[in-house]
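Take a look at the structure set out below.
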Amino acid sequence: MGNLLALMLFVSALTLNLYSLIFFVELGDSMKNSGKEKEEEFEEVAVFAGFEFCFFTLWNFIFQLVFMIVAIMDEAAKLMKLPISTQNKLSKTRAVMFNTVLFPSTLVVVSIFWTLWHIDRELVFPKVLDLFFPQWLNHMLHTFILLPVIIEIMLPKKHNFVKFQKAAPALALLFLSYTILYFSLYFRHGVWLYPVYKVLTWPQRLLFSAAQLCGALGYQKLGIVLQNSKRSQNKQKVK
């Protein structure tokens with residue numbers, strides 16, 4: 001995959017993501033203004049309308065936006081043949097962002113969301129939200145996010161390989177910070193952002209949160225292995 005094609009794909013994905021984010025924000029405002037009657041009847045609507053920016057799905061979506069902006073700048077720098085120092089800084093930032101946060105967090109969102117959905121969608125995305133939430137936006141937030149990951153994995157790579165030992169602490173800190181925020185919302189406001197936590201006991205909630213962290217670290221390791229495998233491919237080409 002060439003730099004120009006990669007640039008075009010990332011620009012297209014970024015455009016769709018920006019539109020989806022704007023729609024998401026306007027949707028939250030609409031739910032707050034016009035969904036008050038439904039808020040009294042449906043707790044899930046009230047939770048979404050009041051805490052939409054606390055969902056990890058949105059955090060990951062913003063991570064994707066930032067990553068794609070950096071990726072576009074990186075590809076553009078290569079095409080325009082900017083100074084090597086500039087290219088190296090952009091490429092290194094891109095590699096660190098992808099391996100440390102984007103790859104694992106995206107796979108966590110996709111795998112957990114669709115697993116719970118197929119078990120019982122009420123555990124993760126109650127049907128009442130369909131009154132406000134279009135299906136295309138659901139897939140943009142929980143399915144289409146795989147596209148930037150696939151594009152990045154398919155691209156050739158020669159430099160800036162990331163070590164798991166250095167990336168893992170940053171990812172662990174991110175997930176622990178979100179877990180603290182998540183549980184603090186319950187203790188302060190009495191709400192669970194994701195309904196699955198309502199049906200779990202406290203030991204199960206803690207175990208589920210720990211499993212998410214372990215899963216994220218496992219995905220991170222997988223992503224780094226996939227990216228670092230390109231190092232050996234480069235050596236074979238040289239031979």
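Cβ from N, Cα, C; glycine included.
Remember, predicted model here, so these are calculated numbers, not experimental data.
Feature annotations, courtesy of TrEMBL:
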type	residues	note
TRANSMEM	7-25	transmembrane segment
TRANSMEM	45-74	transmembrane segment
TRANSMEM	95-116	transmembrane segment
TRANSMEM	136-155	transmembrane segment
TRANSMEM	167-187	transmembrane segment
TRANSMEM	207-226	transmembrane segment
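The transmembrane segment (95-116) makes contact with the transmembrane segment (167-187), as judged by at least three Cβ pairs under 8 Å among residues 6 or more apart in sequence. For the transmembrane segment (136-155), the neighbouring stretch richest in Cβ pairs under 8 Å, chosen from 7-25, 45-74, 167-187, 207-226, is 7-25. Each of 7-25, 45-74, 167-187 was scored by its Cβ pairs under 8 Å to the transmembrane segment (207-226), and the highest score goes to 167-187.
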